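Shown next, in structure tokens, is the structure this report addresses.
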Amino acid sequence: MACPAVPHIIPPCSFRFRCYRHGATGGAGMRGSRVLSGGIAAAMVMTAASVVMRPVTARADTVPVMVIHGGAGVIKADMSPERRKIVLAALAHALDAGYAALKAGKPAPDAVVAAIHVLEDDPNFNAGKGAVFTHDGHNEMDAAIMDGATLRAGAIAGVQHVRNPISLARAVMDHSPHVLLIGAGAEAFARTQGIALVDTSYFWTQRRWDQLQRALKEDAAHAQHADETTDRHFGTVGAVALDKAGHLAAGTSTGGMTDKLWGRVGDSPLIGAGTYANAGCAMSGTGWGEFYIRTVAAHEICMRVTAMHDSLAHAADDVINHEIPALGGNGGAILVDSAGDTDGMYRAWVGRDGVPHAAIFQ
């Protein structure tokens with residue numbers, strides 16, 4: 001399936017958009033990019049009027065860029081028009097929130113939190129309100145954020161009462177000496193920071209409960225000999241941003257994997273695996289987290305860009321299209337570099353006219 005065409009909002013020489021789907025042997029994409037297959041869809045929101053050429057050092061005149069994903073596997077071919085409209089509205093709302101922060105001159109981490117906060121409040125996405133259920137019928141959420149300008153990072157895992165996990169991850173980054181807090185300890189820290197805690201009933205949704213019941217039936221039918229359904233591994237929200245100062249940030253939030261067992265934590269809250277940002281690159285991943293952990297995917301891609309001077313497209317293609325599938329994994333990612341070049345799978349955008357647009361591509 002072909003990638004979407006780039007919206008004609010800025011000159012092709014100053015902006016590049018690439019569409020990825022895992023495992024494809026061909027397909028059309030911008031500037032020769034590979035189209036990834038496997039029935040995976042993800043979301044990308046981007047805002048840009050123009051971009052600068054790539055210096056790794058920050059510039060004060062950078063035009064902001066925002067990219068948001070709603071998770072691989074979110075968009076199905078048989079999605080109803082009504083739900084499609086709801087998802088588009090959520091993307092537009094998240095776009096407005098993140099881009100407004102950037103236009104106001106706020107730093108990239110602020111924009112990342114603002115956008116993800118919106119998606120965490122929407123039950124259509126596997127994060128916050130829409131988090132999937134564990135094997136035991138609980139919701140356990142993870143999140144992470146990283147500031148590329150300072151390499152500061154914050155993450156939380158296995159929380160069950162935090163309404164907006166990305167806000168707690170930001171608090172860990174800003175107000176603790178640690179990077180990763182888990183479970184009850186993370187929630188105790190949340191209380192000291194005034195982070196909203198809610199009853200676990202807040203996270204219950206019929207759609208996610210039905211997904212768990214189907215997974216449990218699969219487990220019973222196939223016992224220990226079944227391959228896990230790929231749909232169980234996909235569903236995350238994330239954002240990467242380039243602010244007016246030329247600084248980057250990345251954030252990811254997730255409910256994890258449907259029917260997950262024994263305190264499983266995936267790549268999303270692990271800095272360098274599913275979330276990473278430095279002075280030249282920011283990435284948020286979505287997919288089968290174990291393989292992103294094993295390849296240290298986000299860090300690997302960003303270090304190829306910043307240390308080896310590889311192009312964003314080539315670095316992402318090598319890790320996402322080759323290294324991860326070679327191990328048996330799949331998924332997707334969104335990235336932005338210090339020049340404003342981006343990679344992703346479905347998108348919304350704000351052009352020179354300041355009018356938001358949103359579209360879904362499968």
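Keep in mind that glycine also has a Cβ here, set from the backbone N, Cα and C atoms.
Unlike curated entries, TrEMBL annotations are predicted automatically.
Residues or ranges marked as active site, nucleophile by TrEMBL: THR236. Sequence annotations record features per position, and here TrEMBL assigns substrate binding site to ARG264, VAL265, GLY266, ASP267, THR286, GLY287, TRP288, GLY289.
DSSP classifies GLY287 (substrate binding site) as strand under the three-state reduction. Rounded to the nearest whole angstrom, the C-alpha distance between the residue listed as 'active site, nucleophile' and THR286 (substrate binding site) is 6. Long-range neighbours of ASP267 (substrate binding site) (same chain, six or more residues apart, CB within less than 8 Å of its CB): ALA273, GLY274, THR275, GLY285, GLY289, GLU290, TYR292, ILE293, ALA297, ALA298.
For the recorded site, VAL265 (substrate binding site), the DSSP three-state label reads coil.
Secondary structure at THR236 (active site, nucleophile), taken from DSSP and collapsed to helix, strand or coil, is coil. Listed in sequence order, ASP142, ALA157, GLY158, ILE182, GLY256 are the same-chain residues at least 6 apart in sequence whose CB falls under 8 Å from the CB of VAL265 (substrate binding site). Around GLY266 (substrate binding site), the same-chain residues six or more apart in sequence whose CB sits under 8 Å from its CB are ASP142, THR254, GLY256, MET257, GLY274, GLY289, GLU290, TYR292, ILE293, listed in sequence order. Most Cβ neighbours within 10 Å among the binding-site residues ARG264, TRP288: this distinction goes to TRP288.
The most densely surrounded of the recorded positions THR236, THR286, judged by C-beta neighbours within 10 angstroms, is THR236.
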